[in-house]
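K.L.:
Here it is, the structure in full.
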Amino acid sequence: MSKSYPRISNIFLALPCIVLEAMGSPASIGPTNLANVVSIDGSVHEGGGQLLRVALVFSSILNKPVHINNIRLHRKSPGLQAEHIASVELARNMCKADVRHMVKDSRELFFAPRTNLTHDEYDADTKGHGSVTLLMQVGLPLAMFSSGITQFSLKGSTNTFNAPSLDFYTNAWDPLTFKFFGTNMEIRDIRRGFFPKGRGHVYLEVYPVQYLRPIDLTEFEEIVTTWGRAVCTPDIKIDTVDIMGDIVEEYLLTHHREAYEKIDILREQLRPYEAHGNGSAIYLFAETTSRAILSAGLTVQKYRGFNETAVQVAQEFSNLLKTKVCVDDYMQDQLIVLMALAKGKSRIKTGNITLHTKTAIHVAETMSRAKFNIVDNKDGTHIIECDGIGFENKLIDRPYV
């Protein structure tokens, strides 16, 4: 397909059901393997759902049982919530994992893969306003190392406040990982779901890889193009997206003329069958000659009007371009898993190291042999380096294109 662009409770060792039947693959978990269960404190660093998702990915791909405790310990609603359970269920279905404590509000989880990752058609639903893209953070890496082409039908919010938007994945993450790591997938936006109502629907088709190439993205070079999207649901006046687009252009004209001269902002009011909920959002993107793709964006929240939202996004976007980083805050932590699994040394230039990134690195180094190093530059930017483990997909005998 071408593109344009802490410790396990003794109860676990006593459970006879842990002694699982071998499924014809080295991934089956037997009594000996249980001595190698990886134990992770879920309250470290960011201490939220991201730690759970990253641990599920490494456990499923590397066939390593994991026990996580103190899950979301310091959150307003501690423990597993519906959107987290949906991610666990998705990973469980893909590797037929044995799972313990997968109930609402549980602060621990035991997850032990029983088979290699199997390609199939998978459905996952957050059953509320949980983010579709957080399901993607689990499903996509697993599908890359599965036995064939994998399809996903995912339901939940596509545009929310505390997770990357679907626009980030289609405009930035997908093309960047395709160019550098060699991933290959189709992301189809069937229906947008705006927080808090959710009910968005996304279809994905993911081709497996034999291995991931390392990424070297430390030079900003020159801006090639900038683009954006101001979007609203049918019950929001079209004037809203026009005003947000105008505000962004006026800000860039004053603060970053080069970006202004190359910007093309799509202003769109979705039709009733294209969206559910009541909301609006604006997203901006830039691509450089070094093939970096930078992004900034927000979904409008009730306490912050669309005018203020547009100004904030424009400011963040302009600052990204001025600092000449190659990876924005959202992209930063999303690349850690791929860098850890890649064959070779990866390097990316970014701004401040986020808590999400520190969390992902902690889990990656705990569950794999990957080693990370942070280089502090004098200008306040940072280089994240990783010696990847060179994981190879033994389930396919040819590249998928």
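A Cβ is built for glycine as well, from the same backbone N, Cα and C atoms used for every other residue.
Please treat TrEMBL annotations as automatic predictions, because they have not gone through curation.
Marked as signal peptide by TrEMBL: 1-24. Annotated domain 'RNA 3'-terminal phosphate cyclase' per TrEMBL: 45-374, in sequence order. The ATP binding site feature in TrEMBL is assigned to Gln137, Tyr330, Met331, Gln332, Asp333, Gln334. Here TrEMBL flags His356 as active site, tele-AMP-histidine intermediate.
Describe each of these features in terms of where it is and what it packs against.
P.N.:
Averaged across the domain 'RNA 3'-terminal phosphate cyclase' (45-374), pLDDT for the predicted model comes to 96.
Note: Gln332 (ATP binding site) has non-local neighbours Ile348, Thr350, Gly351, Ile353, Thr354, His356, Thr357, Ile384, i.e. same-chain residues 6+ apart with C-beta under 8 A of its own C-beta.
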K.L.:
Looking only at Gln137, Tyr330, Met331, Gln332, Asp333, Gln334, which the record lists for ATP, tell me the maximum pairwise CA distance in angstrom.
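P.N.:
Greatest Cα-Cα span of the listed binding residues: 13 Å.
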K.L.:
Would you mind listing, in sequence order, the residues at least six apart from Tyr330 (ATP binding site) in the same chain with a Cβ closer than 8 Å to its Cβ?
P.N.:
Pro164, Phe168, Ala172, Ser295
K.L.:
Looking at Cβ-Cβ distances, which residues of the chain lie under 8 angstroms from Met331 (ATP binding site) while being 6 or more apart from it?
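P.N.:
Counting only residues 6 or more apart in sequence, the Cβ neighbours of Met331 (ATP binding site) under 8 Å are Ala172, Trp173, Leu176, Ile293, Leu294, Ser295, Thr350.
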K.L.:
May I ask which residues of the same chain, at least 6 positions away in sequence, place their Cβ under 8 angstroms from the Cβ of Gln137 (ATP binding site)?
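P.N.:
Non-local contacts for Gln137 (ATP binding site): Gln50, Arg53, Val57, Ser87, Gln334.
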